[in-house]
């Protein structure tokens, strides 16, 4: 606000000050730097490495040391100390002394005027400017703060009086540029130029005052009649203030900017017809639209933008008119494709195995793979060939569609974000690569295509779950499965792997030693093994089990005849698929049963119950936002249709009705990949109706004060019920006994009363129970 007031006081320098503010304001928290090309990225890494090698210290450690030296020099240099203490008399005496060096600098390359301005000491700064005007435009000279002038510091500190005095005394507002390392884009960097003053206001915590300041600045900017309005100037990441508000989840600033672009057509009682500007919102002609930014944002508040008019209406139209139909058609095509591939695998070319093919009694192979020349002879073979061609072409199409998106978004974000379908993209690309590899195997007559086929079938059919995101019944549960698999189950598998390796190794070595005992040529090795076991017996109970089974026949316990079989048997045992592989007809010391009991306790009781507890905790946490995450996957998919149902569930299950991210991501994916002729642009072109060259969406808003009061009254009841449920849950957890809550507590009568309350709530809102439109805001979308 200080900058604005100063500019109003000095109208002749308004343009230059505004330009400087666009580069000076840097007290913002920004996301990581822009994506760089490969050469620039390598150069950036090399410069960072060279900087670290030269300084031999980390960035934070170097900053701490530099600022400590800055404090020391201020106390050691008299003029600096007087400027810090705002001692005007001392400053005048020091300036009149011939031995005083007014250009003396500290550890940051600062002068005495920098010190006075950094401490907001107006009197000391004015005394220094009057006594040594040469310091007014002197920049700092250190590598960290290269180029910082006193005016930079005054503007950043929003010190109105200091800015006024500096500019009136000849402070340069256009030429100085800050290029120090502290202000450059870097990992973890929080302040660097590139934002206009509107960007800075969007990122301020006090949203009300920020919106008032935005109005003041945009009004002054409109008077200047700039070729590019200030609210359309992007920062270094290509984000305008409007887009930045969406990415950071600043709903207040976003709604304020939307309303400033809104055109009111007419008003009739509680109804108002508005034309909303879709510029920067619609993704049809903008690769960095508001919808794209919300899907890629890590801020949970950003999902709330999808509830703001006209974003909610736009994405609902996109999904209802085009998205859901194309998505279901894509599901049908994929099912036909994966079905064709499955039939090709089921009827792959095989022939009877030749005589003496097997060299082991355990090998029961009766059919083997045909050669390439024998594989395509009959009519059935040609029919299968057509299916195989379709399978390979489909795999190539998948790769051609996925690879550009990976290059556009980045592999880390593309595979790592749930909203973008990260794990499913990994599955799909892996499937496509294996199908192409399978084609190479068939052409080169490589024996072993059955293994690749099996993996392809598993991956291909698992990818069908990707299409569950388009359905309300299954979409939220796919989110739940992803969270559990990549969270709790991964941790559980690591713990289980450690236990399995420990017990399986002892079992395997036991069986291997029994085989070697039967071979007299390996007596020397056996002696060494026995020496090793005698040493390990002091430190591990597993060695006792090993030493006991060393005296048994290898085939006496077939489950431990080889290491792979042993590992698999122990896994089956850990999940309860087989009985304990102990032969009671063989004399076995009691220690064997003790060790098996220890494994059972660790595997069954400890690890499995730990997994159940972790999954329950994850279920509770994800249930609070699973609907929210799901709807962002598909596009506000049918938000108007689902809103009533979700609001009814919100009271009982604690789910948020603001579930939008996966729906949006799916809609954007379809919009990017389909031809423009199959996905027309929504809205109306303003040029056809005497408006600007922009696209608009007409929305009828209903503003009924009585209806809003009823909504607040109903929400208050819902919050009280939620508090009671949370209290019951906390009491149950504190008592240590899980409290099971039925869906309808209180039997038949309570169920009827709940239904009655729902009817009262819906009737209070002017809705019928089966009516399909939004409950929160009565808005009718008029698509022209």
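The backbone N, Cα and C atoms fix where each Cβ goes, and this holds for glycine too.
Unlike curated records, TrEMBL annotations are generated automatically.
According to TrEMBL, the feature domain 'Ion transport' maps to 399-625.
According to TrEMBL, the feature region 'Disordered' maps to 721-748.
What TrEMBL lists as repeat 'ANK' is 146-178. Averaged over the repeat 'ANK' (146-178), the predicted model has a pLDDT of 83.
According to TrEMBL, the transmembrane segment annotation covers 326-347 (among others). Using a Cβ-Cβ cut-off under 8 Å and counting only residues 6 or more beyond its ends in the same chain, the transmembrane segment (326-347) has close neighbours at 380, 384, 387-388, 390-391, 394, 435, 453, 456-457, 460-461, 463-464, 467, 470, 634, 666, 670, 674, 678-679.
The feature transmembrane segment is assigned by TrEMBL to 385-404 (among others).
The list of residues near the transmembrane segment (424-444) in space but at least 6 beyond its ends in sequence, with Cβ under 8 angstroms from a Cβ of it, reads 341, 372, 375, 388, 391-392, 394-396, 398-399, 402, 406, 414-415, 452-453, 455-456, 459-460, 462-463, 465-466. Here TrEMBL flags 424-444 (among others) as transmembrane segment.
Here the transmembrane segment (451-471) has long-range neighbours at 324, 327-328, 330-331, 334-335, 338, 341-342, 345, 348, 421, 424, 427-428, 430-431, 434-435, 437-438, 441, 477-478, 481, 630, 633-634, 637, 662-663, 666, meaning same-chain residues at least 6 beyond its ends whose C-beta is under 8 angstroms from one of its own. Positions annotated as transmembrane segment by TrEMBL: 451-471 (among others).
What TrEMBL records for 491-510 (among others) is transmembrane segment.
The transmembrane segment feature in TrEMBL is assigned to 531-549 (among others).
Annotation comment: TrEMBL describes 591-612 (among others) as transmembrane segment.
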